[in-house]
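Structure first, then comments.
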Amino acid sequence: MRSHFCTEISEKDVGKTIKVAGWCNTYRDHGGVVFIDLRDKSGLVQLVCDPSSKAYEKALEVRSEFVLVAKGKARLRGAGLENPKLKTGKIEIVLEELVIENKSATPPIEIGNKSVNEDLRLKYRYLDLRSLNAYEIFKLRSEVALITRNALAQKGFLEIETPILSKTTPEGARDYLVPSRVHEGEFFALPQSPQLFKQLLMVGGMDRYFQIARCFRDEDLRADRQPEFTQIDAEMSFCDEDDVMGVVEDLLQEIFKAIGHTISKPFKRMPYKEAMENYGSDKPDLRFELPLIEVGDCFMDSSNSIFSNIAQDPKDKRIKALNVKGADAVFSRSVLKELEEFVRQFGAKGLAYLQIKEDGIKGPLVKFLSEKGLKNILERTDAQVGDIVFFGAGDKKIVLDYMGRLRLKVAETLDLIDKDALNFLWVVHFPMFEKTENGYHAAHHPFTMPKNIECEDIEEIEAHAYDVVLNGVELGGGSIRIHKEEMQKKVFEKININEEEAQKKFGFLLEALKFGAPPHGGFAIGFDRLIMLMTKSNSIRDVIAFPKTQKASCLLTDAPSPINEEQLRELHIRLRKPI
């Protein structure tokens, strides 16, 4: 039906008969001469038709998004009529034949216009996908999937599919449940990850497994979350953390070659505690400096009892400083107020600061600091004339969080972030357990191998876990797994899962661990998030063919939707109004 894709045509084809096919991107009638920009997956080429052509009458019928097959001779555009914005901007096709394969209603959205309301774009996603940018995104997504398969296959990994219909084993988020018609009153769950099945594959001697897996989590959505998503999932036997990290680094190096980036190995490693204390995040963005600096001891003799009391509780409280170089000349009073309102959203009671000026130190904190305390702060933060030093004080968790967010906000405001840089990082030595209102739970998941399970302080027990971070975004992570039944039971006990509950939820795993499970570990990389970063897309929805909204609905198909009474009866389900 066609001899060329649109952008395959070049000056060397001048004089040749060309046949192309695609959609009408734009249509113009200039004094009887018709110009059509034809679009296919590769890009645009201009078709031109004057009244002497036998295709002229057909050309007059063409409108936006009509499906066309065109035949004609390639020629150079006239002097001064070239379009440097197009790859084919020096040539055009003089129409000899034109077939309208299909007509189109007036499109409700402008193809490729990102300023169109996103809900409207999602409702007409099949039109939104016609944009050249969308095609490039999904072309790269396909290439990365192929690179992943080839790279892992070369390392001896087998691609094995694990079940989609499984048992509910909550891993932090809520499960999506599927009622069983055959087993009345019982439910399958869609997998939040293939975690337990891939461990069972290691017990089964598969040695190295991977899949590009679909996962499902019924959780509150954010800009980078979807209820169904894809991850590169892998597991390997007889390995340690270095082995797994090496596989991930090799894989990411191959993947980023696809967009022309050379990645240096090994990646930097940073302990979790260092990441939190110095950057206020377990996924720090290291494309810029601005570390958080501990200055609690500088407030020991503060005349402000709030600060001095915080300083005397270094286990649960923090006073952190953030020196922003040159900020005094840039941050007006209104900007400082905006920054204060920003951190208040995350639990701050205010935002104290010192302005380092030619005529001395200004700011609300000066009067509360001793001469020695002020001197130590200036030295420790390397504060110079023109700088502003911000302070956060209070509960450790809250302070680290909002000061970490302030660090990012300031970097964005001052344009300190190199948008083209790729800064990979491993965060390691995670805590095994985290405290909640209902006791402790596993920080990653309860199948992670602890390092020092006998430690009396549960908060000091570390996990054999690791996260890979790119530019402040968690790409993925993994851990070395528990491969002995006794250790798995100990971990369950720590998170208040008694033996009866453990058997009910995870009995099949505990049974498998009795039969000589090998040491094993693995990782998962968020595939959608990876493509979002590689394409510099604004939203994860841009890199998923048919995504859900932030309310977990599909505007295209109007899902979820009600089902009829007959379907409910077959599933032994009766609905009642929420109380």
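Cβ from N, Cα, C; glycine included.
The site 'Important for tRNA non-discrimination' annotation in Swiss-Prot covers HIS30, GLY80. What Swiss-Prot lists as L-aspartate binding site is GLU171, ARG217, HIS444, ARG481. Marked as region 'Aspartate' by Swiss-Prot on the basis of sequence analysis: 195-198. Marked as ATP binding site by Swiss-Prot: ARG217, ASP218, GLU219, GLN226, GLU474, GLY526, PHE527, ASP528, ARG529.
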(request) Calculate the distance in Å between the alpha carbons (Cα) of ARG217 (L-aspartate binding site) and GLU474 (ATP binding site), and round it to a whole number. (result) 17
(request) Could you list the residues of the same chain, at least six apart in sequence, whose Cβ is under 8 A from the Cβ of PHE527 (ATP binding site)? (result) ARG141, VAL144, ALA145, ILE212, PHE229, THR230, GLN231, ILE232
(request) Determine, using Cα-Cα distances only, which of these recorded positions is closest to GLU219 (ATP binding site): HIS30, GLY80, HIS444, ARG481. (result) HIS444
(request) Six or more residues out from either end of the region 'Aspartate' (195-198), which same-chain residues have a Cβ under 8 Å from its Cβ atoms? (result) 162-163, 166, 169, 171, 209, 233-235, 445, 447, 506, 508-509, 522
(message) Fewest other C-beta atoms within 10 angstroms of its own C-beta: which of the recorded positions HIS30, ARG217, ARG481 fits that?
(response) HIS30
(message) Across the region 'Aspartate' (195-198), what are the DSSP residue counts per state (helix, strand, coil)?
(response) 4 helix, 0 strand, 0 coil
(message) With every protein chain in view, what's the tally of Cβ atoms within 10 Å of the Cβ of GLU474 (ATP binding site), excluding that atom itself?
(response) 17
(request) Indicate whether ARG481 (L-aspartate binding site) is helix, strand or coil by DSSP. (result) strand
(request) Using a 10 Å cut-off, grab the number of neighbouring Cβ atoms around the Cβ of HIS444 (L-aspartate binding site), all chains included. (result) 21
